[in-house]
Amino acid sequence: MKIAVLSRNSRLYSTRRLMEAAQSRGHQIRVVDPLRCYMNIATSNPEIHYKGQKLEAFDAVIPRIGASITFYGTAVLRQFEMLGTYPLNESQGISRSRDKLRSMQLLSREGVGMPATGFAHSPDDTDDLMQLVGGSPVVIKLLEGTQGIGVVLAETRKAASSVIQALRGLKAHFLVQEFIEEAGGADIRCLVVGGKVVAAMKRQGKEGEFRSNLHRGGSASLVRITPKERATAVKAAKVLGLNVCGVDILRANSGPVIMEVNSSPGLEGIETATGKDVAGMIIEFIERNRKPGKTGTKGRRG
């Protein structure tokens with residue numbers, strides 16, 4: 001197969017591992033910077049051009065699109081879909097996962113466990129919003145934040161009101177969620193490939209830090225997940241329409257609750273913690289499932 005990896009940096013661990021896994025199985029693989037792609041949309045024969053030349057045809061495309069380039073990156077991916085290239089994750093699924101509010105609405109509708117979550121516009125509704133999620137302490141989360149950036153723990157109602165007021169002044173959109181204290185600053189990252197959890201790790205925030213992201217100094221270790229946690233991760237991936245994703249789960253007293261679904265999960269932490277060849281599993285999934293033009297969207301739906 002000829003495989004394209006949409007990535008801005010070929011030296012990143014995840015990109016390198018995917019290339020190694022594909023090449024070891026005899027596939028041709030090329031890293032394509034999505035921001036250097038430009039598209040011919042007006043004709044009946046859609047094209048993608050790259051650094052001054054028409055891009056050759058690929059059998060499959062692996063999107064490793066950073067959150068900061070979601071809009072343009074998914075536009076490029078849609079163009080690949082229109083050309084009949086098999087996408088590991090479709091543009092629609094990535095767009096859903098990157099919209100924290102939309103993804104929470106979809107997960108809630110399908111009965112997936114999640115923390116009490118509120119969203120409001122008017123400052124007059126702040127007190128009621130706090131009550132909706134059970135009162136302080138609360139977690140206030142920017143909709144466009146990643147890797148723990150833009151996430152604040154407000155331990156009192158006064159602190160929460162101050163943070164909310166400041167964010168409204170910046171015209172920022174945010175969610176207010178209940179704080180799952182019993183999680184103890186830890187979460188479970190489940191790596192889903194093709195409707196199965198193929199690896200899982202526990203991420204523990206450093207002392208005094210409620211965020212468990214490895215980018216925030218957290219540590220990772222192998223963990224045994226429960227059948228309910230496994231089912232929750234698989235269902236979340238299915239609801240958002242993702243073949244491959246990282247599902248972040250908190251262990252609440254009420255059971256597993258979803259914090260986030262990452263459509264471009266990093267591989268370094270989970271491969272190191274579990275010793276599993278996740279990159280190889282991803283390439284094997286493409287081998288089993290790739291068919292020309294096999295995409296639910298074909299670029300037609302947003």
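Note: Cβ is positioned from N, Cα and C throughout, glycine not excepted.
Annotation source Swiss-Prot lists ATP binding site at Lys141, Glu178, Phe179, Asp187, Arg211, Ser212, Asn213, citing sequence analysis. Counted within 10 Å of its Cβ, the other Cβ atoms near Glu178 (ATP binding site) come to 20, all protein chains included.
Under the three-state DSSP scheme, Asp248 (Mn(2+) 1 binding site) falls in the strand class. Per Swiss-Prot, Mn(2+) 1 binding site is recorded for Asp248, Glu260, and the stated evidence type is sequence analysis.
Feature annotation from Swiss-Prot assigns Mg(2+) 1 binding site to Asp248, Glu260. Take the CB of Glu260 (Mn(2+) 1 binding site) and look out to 10 A: across all protein chains shown you find 19 other CB atoms.
The C-beta environment of Asn262 (Mg(2+) 2 binding site), restricted to residues of the same chain at least 6 apart in sequence and closer than 8 Å, consists of Ser97, Cys245, Gly246, Val247, Asp248. For Glu260, Asn262, the entry in Swiss-Prot reads Mg(2+) 2 binding site, with the evidence type sequence analysis.
Summarising the annotation, Swiss-Prot assigns Mn(2+) 2 binding site to Glu260, Asn262 and lists sequence analysis as the type of evidence. The secondary structure of Glu260 (Mn(2+) 1 binding site), as reduced to three states from DSSP, is extended strand.
For the domain 'ATP-grasp' (104-287), the mean pLDDT of the prediction comes to 89. If you look up Swiss-Prot, you'll see 104-287 marked as domain 'ATP-grasp', on the strength of sequence analysis.
All protein chains considered, the CB of Asp248 (Mn(2+) 1 binding site) has 21 other CB atoms within 10 Å. The local packing around Lys141 (ATP binding site), expressed as other Cβ atoms within 10 Å of its Cβ over all shown chains, amounts to 19. Here the binding-site residues are Phe179, Asp187; the one with the fewest Cβ atoms within 10 Å of its Cβ is Phe179. If you take the Cα of Asp187 (ATP binding site) and the Cα of Glu260 (Mn(2+) 1 binding site), they are about 11 angstrom apart, rounded to a whole number. The distance from the Cα of Lys141 (ATP binding site) to the Cα of Glu260 (Mn(2+) 1 binding site) comes to 11 Å. Residue pair Glu178 (ATP binding site) / Glu260 (Mn(2+) 1 binding site) shows a Cα separation of 14 Å.
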